[in-house]
Amino acid sequence: MALIVHKYGGTSMGSVERIRNVARRIAKWHRAGHQMMVVPSAMAGETNRLLELAFSISAQPEPRELDMIAATGEQVSIGLLSLALKALGVCACSYAGWQVPIKTDGTFSKARIIEIDGARVRRDLEAGRIAVIAGFQGVDDANNITTLGRGGSDTSALALAAAFAADECLIYTDVDGVYTADPRIVDQARRLECITCEEMLEMASLGSKVLQTRSVEFAGKYRVKTRVLSSLSDPLMPLEDEMRSGTLMTFEEDQTMEQVVVSGIAHQRDEARIAVLSVPDTPGIAYQILGPVARAHIDIDMIVQNQSVEGRTDFTFTVARSDYARAMDILNASVKAQIGARQVIGDPQVSKVSVIGVGMRSHVGVARTMFRTLAEEGINIQMISTSEIKISVLIDEKYMELAVRALHKAFELERG
Ligand code: ADP
Ligand code: ASP
Ligand code: MG
């Protein structure tokens, strides 16, 4: 008997028929003798609908109320899934985040899980009941409902798997694994049998939304055996086949085979670039520019400061497109005058494309191939950032898909 966590995404929960199929699959695992914790997301499109409702009433909804509203999508899902399981004769009990409880900090809409108290759920598991736990949500110290950021049900599942020392966490989604690039953009993308946790972390943080970044951090920190697989396959397929399907996340030392140089291409469509022009090149200038932006809980991504000319320099960085207007307001309202910058300019129509691979550590030439490929396609690179295992470039959004396809081909990722 093993303790297994299943996570089902929005498409997997997208209709009553799909929820019934999810229940059939879970019941199959339960009948095989496993203890089961299941984490569903809201039904497809539901979180967007809820957020739109909130924004239709207020242009700047209070973050606490926004989380209160957004969290309800998952509450519907746990109730429906528990009913579907009971209809199959399986004992199941639903839990909202606060009922577990999954304790988080108080950063609404981007809360971080601090602690999970497993006592109540454990009693269910020991009694043979399936615990159906709402993804994406938790509760803070002051008993406020919080949410974990878009795609946060992955993180709920991996955090639960870590807290309960589960034997395996299975992430069921609308694709049958992690691909060399988003299969919606690259037809030739190839499913990976396995991917190292380190690469998955880069892929996720660079835009491959198949897993939320924080979920991969949990998997890595607690060494949770994690597999990404399809929820749209036959729910009654033999368990042994299902356990070998999809993509397994590995920890580098498990790998015995020679690493490929580049494992995948990731993209982040909704980026924005902001440049603060002609600022004095003095100590503290980066802090004066970025400090107020970060204090507004705006994440800053790529940063470039130019070589200074006659004591003045340009300072450029990127933020998520949804934060662009706010960041521009902050800079124009106070920072610009305070530091004596000439101008603040920006472009909200840029995207980031990245090539990723642990094999890059020991191979040169990846940057050369990447830059040559983009040049041949006539794509201008606006910013570059690198780490040991990735190179990212910022480009005009209209070339994003072209860049992903061209790079996929240049690195021969379809071949494996
Ligand atoms: P869920 O609702 O199950 O959480 P998501 O929509 O969050 O599903 O994530 C699955 C989607 O991630 C896929 O439909 C696919 O378009 C996208 N995706 C992006 N990059 C990749 C990749 N490298 N491999 C697989 N899927 C990817
Ligand atoms: N329902 C939430 C979202 O749409 C969480 C998730 O799907 O993981 O972002
Ligand atoms: Mg998701």
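Just so it is clear, glycine is given a Cβ too, placed from its N, Cα and C backbone atoms.
All annotation found in TrEMBL is predicted automatically rather than curated by experts.
Here is what TrEMBL records for this protein:
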BINDING   LYS7, TYR8, GLY9, GLY10, THR173, ASP174, TYR179, ARG184, LYS209, VAL210  ATP binding site
BINDING   THR47, GLU74  substrate binding site
DOMAIN    274-349  domain 'ACT'
DOMAIN    355-416  domain 'ACT'
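Positions of the features from TrEMBL, shown on the structure.
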residue : record                 : CB count, 10 Å
LYS7    : ATP binding site       : 30
GLY9    : ATP binding site       : 23
THR47   : substrate binding site : 24
GLU74   : substrate binding site : 29
THR173  : ATP binding site       : 24
TYR179  : ATP binding site       : 26
LYS209  : ATP binding site       : 15
| remark: Those binding-site residues among LYS7, GLY9, THR47, GLU74, THR173, TYR179 lining ligand 3, judged by a Cβ under 6 Å from any of its atoms, are GLY9
| query | Taking only the binding-site residues LYS7, THR47, GLU74, which have a CB closer than 6 angstroms to any atom that belongs to ligand 1? | reply | none
| said: Please report the three-state DSSP label of LYS209 (ATP binding site). | reply: coil
| query | So which binding-site residues out of LYS7, THR47, THR173, TYR179, LYS209 are up against ligand 2, CB under 6 A? | reply | THR47
| query | How does the domain 'ACT' (274-349) divide up by DSSP, counting helix, then strand, then coil residues? | reply | 30 helix, 30 strand, 16 coil
| What does DSSP assign GLU74 (substrate binding site), in three states? | helix
| said: Based on the record's binding annotation for ATP (LYS7, TYR8, GLY9, GLY10, THR173, ASP174, TYR179, ARG184, LYS209, VAL210), what whole-number value in Å is the widest Cα to Cα distance? | reply: 22
| said: Helix, strand or coil for THR47 (substrate binding site)? Use DSSP. | reply: helix
| query | Rounded to a whole number, how many Å is the Cα of THR173 (ATP binding site) away from the Cα of GLU74 (substrate binding site)? | reply | 16
